[in-house]
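What follows is a set of notes on a single structure, which appears directly below.
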Amino acid sequence: MTSIRFLQPNLDDSNSKKTTSSNPCSGIPSAFVLHGYMFTVFGVVAIKSSWGAGTSRRNWERIIEKSKVLNPLVITSYDAYTTRNIKGLAKSYLAKEGTTGFGYYTQGKKKKKFQNFFIKGKKWSHKKCLATLLKKLQRTVVSHLEMGMLSEGLVQILIPAAALVGIAFALLQWYLVSNVKVSGDSSNGFSEKLIEEEEDGIDSLEVAIKCAEIQNAISVGATSFLFTQYKYLSVFMGVFSAIIFVFLGSVKGFSTKSEPCTYNEGSLCKPALANAGFSTLAFLLGALTSVLSGFLGMKIATYANARTTLEARKGVGKAFITAFRSGAVMGFLLASNGLLVLYVSIILFKLYYGDDWEGLYESITGYGLGGSSMALFGRVGGGIYTKAADVGADLVGKVERNIPEDDPRNPAVIADNVGDNVGDIAGMGSDIFGSYAEASCAALFVASISSFGISHDYAAMSYPLIISSVGIVVCLITSLFATDLFEIKDVSEIEPSLKRQLVVSTILMTAGIAMVSFFALPSEFTLFNSGAEKAVKNWHLFFCVAIGLWAGLAIGYTTEYYTSNAYSPVQDVADSCRTGAATNVIFGLALGYKSVIIPIFAIAIAIYVSFSLAAMYGIAVAALGMLSTIATGLAIDAYGPISDNAGGIAEMAGMSHKIRERTDALDAAGNTTAAIGKGFAIGSAALVSLALFGAFVSRAGINSVDVLTPKVFIGLIVGAMLPYWFSAMTMKSVGSAALKMVEEVRQQFNTIPGLIEGTGKPDYAKCVKISTDASLREMIPPGALVMLTPLVTGTLFGVETLAGVLAGALVSGVQVAISASNTGGAWDNAKKYIEAGVSEHAKLLGPKGSDAHKAAVIGDTIGDPLKDTSGPSLNILIKLMAVESLVFAPFFAAHGGLLFKFL
């Protein structure tokens, strides 16, 4: 049993010159033809499969009542109903308020067929009209009656079960990491002596105690900063929640009256005031989940950094497993919590919305808005914090004082390591969660206004969530390749092991997508496509998700090629340091611009194929495909900062040079994989933003976005400017904070007796305070720019101008984000290439402290805010403005364009 919206409600052929009188359905009230629904019942899909021939009138009434559509056309394969029975049913139905007509058609095998339209006040019968209707709908009748093989009950078990399995696996990984003790036990849980340290004259007991002290200082600093940041963000959450409620509630004057659905015409949807309240609640849930994701990630990273350092004493393999398992804790917790909270929210919202899927998923988009708004402030604030400390520490420590990185004599060293956790862990975790939440919300919203929602096919509508559930299981299997099936015995095996997981997870996920597409989706269905309907097969969606998945891998490998010092682009940048910092900067900028080419082609192909096969829904699930292996991607991303912190702790604790070489090797691999992760995030943000853009255009009632109209074009050019304005703000913020940091570090070196000799103690707290104050103060203007742009544009200039702004920001922001991230990553690894000296070419450029090395450090400090502040934040800009526009679309459509109304 299902109900279907007409593919072509207007039966007239727009390309035909036939007169109205030639229409066989002329004479039927237009409301019935243009806004009609058909209600199809075959014995195999009725409420009870035994219902068929001989179904009582009362049972028919129950079936039609359950469909919740007005003016149904009943089509049945049985013809055993009497004229009296059908007339009685029609009379009973038309007595209800709001009904206009009732149609009935039997397509049984007997010669006599009963077919009639009943209109209020008269009966109208016309065989030719019914034949025309059936011809128009023939291709969709059978396909819509077919449901996916997964039942609603099984889906309701599968999704939370996958999330709980992911959480359990994360806790198991945490337990294994906790077995590494951070204490004064020099053997650290092992009976064998740490011969290397004894030979180097290092007291392993003292080293372990120092590691514990440093770990505690980093953890306290990171926790203190995040709690302070969250106090500011709690005020923002309260204010913006009120804005959402007031704006959306005012769409219908805070009415509590149910309204006709926008897409499921003929049905009634919940009142605008309810959507305002539930959108506000969804926003708060998304914001809190994002905050929780970032905080948990930070706590895990600070818990694991010293443990990775101590395990490095036993070999690079032990350290790698500890760092990766710690990253896996974050990856699986975030992916599972995000899925579980979203699923539970949908279930709870459904208690009120019932079968009003359109209203439910329109309100659930607030979940994505909440997640991304917190991610914006987390990325910007954390990025300013970490890069201010990093730039200050490098410029004074490496360039001016010629001391090693993470040297305990450097006053900014603790702030630098704290920054790795609040920026590269907490900020990154919130960012990836935001992408996941928005991709899911975009796909769910588009599904709800298509045949899935209209026919109440719960399993098909849950397709995006099922993909994420399978992704968690696939990532769990994949992680075993890193920690159990293969053992790292040499530093050269680290990076291949990480990349192997990307390939394995992609291959396994492709098979998982195929199974999900076959079992969860009908063989054929219709999707909403800019005012029309598009017929889609289940294998179309398989290709959409798969191309998103493989496009992500292509972007990742391209990013690796341009940012890894194992390949010629970064080696060329390193070689340019021979002639100074200027040529290094020139080569690095050129590399970043060139690195945009292949990812943009990959994104363009993914968009074209996905849209051709399944319209905007195809693009939304392609983005979800790119994020389907989020648990593995996050594990690899988090591994990098944990390894970086481990190296810093090894240096500050005075561990042997051999230990630092191992942690440096872990860190170098982490830098490359972090760049790959940024590529995934930017690529998925482009697809998510486009899907949200399509949903916004549909929800705002825009028939087409014509760039030749002035309203759209001014939005387009302003939107293209926004990424540059945003980048200018964030870059200057880092520069201003770094300036204060450099001055403070210089002052301490000049005024604290014995500091450079190692006998004096630096004031770490002052540097931490500079980074904290700067990040909290400087994150507000960029955040305000992003959050206010859609509100101001939509309210004053209207939905058409806002559509132009979103399109311009998307096209421009993706290019700038990829270029900035890859330029910064290349400069960072060019510096590490010289420092490592693993090749004859690298040895000629080194050692540390040489002119070429100092030039590389300058390039690295320029690239720091590009790759860790501006670049990653831009992908949040493009998707956050899109999801915010979608959430406020009802208000903009009803009351927007105030300025143009008075001109």
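Glycine too: its Cβ is placed from the backbone N, Cα and C atoms.
Over in TrEMBL, the protein carries these features:
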type	residues	note
REGION	1-24	region 'Disordered'
TRANSMEM	27-47	transmembrane segment
TRANSMEM	154-176	transmembrane segment
TRANSMEM	272-296	transmembrane segment
TRANSMEM	328-353	transmembrane segment
TRANSMEM	461-482	transmembrane segment
TRANSMEM	502-520	transmembrane segment
TRANSMEM	540-558	transmembrane segment
TRANSMEM	615-636	transmembrane segment
TRANSMEM	680-702	transmembrane segment
TRANSMEM	708-726	transmembrane segment
TRANSMEM	785-811	transmembrane segment
TRANSMEM	876-900	transmembrane segment
Would the transmembrane segment (785-811) and the transmembrane segment (461-482) count as touching if the test is at least 3 Cβ pairs under 8 Å, pairs 6 or more apart?
no
For the transmembrane segment (154-176) against the transmembrane segment (708-726), do we get 3 or more Cβ-Cβ pairs below 8 Å once near-sequence pairs (under 6 apart) are dropped?
no
For the transmembrane segment (272-296): best-contacting stretch of 502-520, 615-636, 680-702, 876-900, by Cβ pairs under 8 Å:
876-900
Do the transmembrane segment (502-520) and the transmembrane segment (328-353) come together with 3 or more C-beta pairs under 8 Å, pairs six or more apart in sequence?
no
Could you tell me whether the transmembrane segment (876-900) and the transmembrane segment (540-558) are in contact, taking contact to mean 3+ Cβ pairs under 8 Å with a sequence separation of 6 or more?
no
So what's near the transmembrane segment (328-353) in sequence-distant terms, Cβ-Cβ under 8 Å and 6+ beyond its ends?
156, 159-160, 162-167, 169-171, 173-174, 177, 270, 274, 278, 282, 285, 289, 292-293, 296-297, 300-301, 304, 359-360, 363-364, 367, 371, 425, 429, 432-433, 436-437, 440, 444, 465, 468-469, 471-472, 475-476, 479, 483, 630-638
At a threshold of under 8 Å on Cβ distances, which of 615-636, 708-726, 876-900 pairs most often with the transmembrane segment (680-702)?
876-900
By a Cβ-Cβ criterion of under 8 Å, what residues six or more beyond either terminus of the transmembrane segment (708-726) are in contact with it?
782, 785-786, 789, 793, 797-798, 800-813, 816-817, 870, 873-874, 877-878, 881, 900
Near the transmembrane segment (876-900), which same-chain residues lie under 8 Å Cβ to Cβ, leaving out any that are not at least 6 residues past its ends?
244, 247-248, 250-252, 272, 275, 279, 283, 365-366, 368-369, 372-373, 375-376, 379, 431, 434-435, 438, 441-442, 445, 685-686, 688-689, 692-693, 695-696, 699-701, 711, 722-723, 726, 786-787, 789-791, 794-799, 801-802, 805-806, 809-810, 813-814, 817
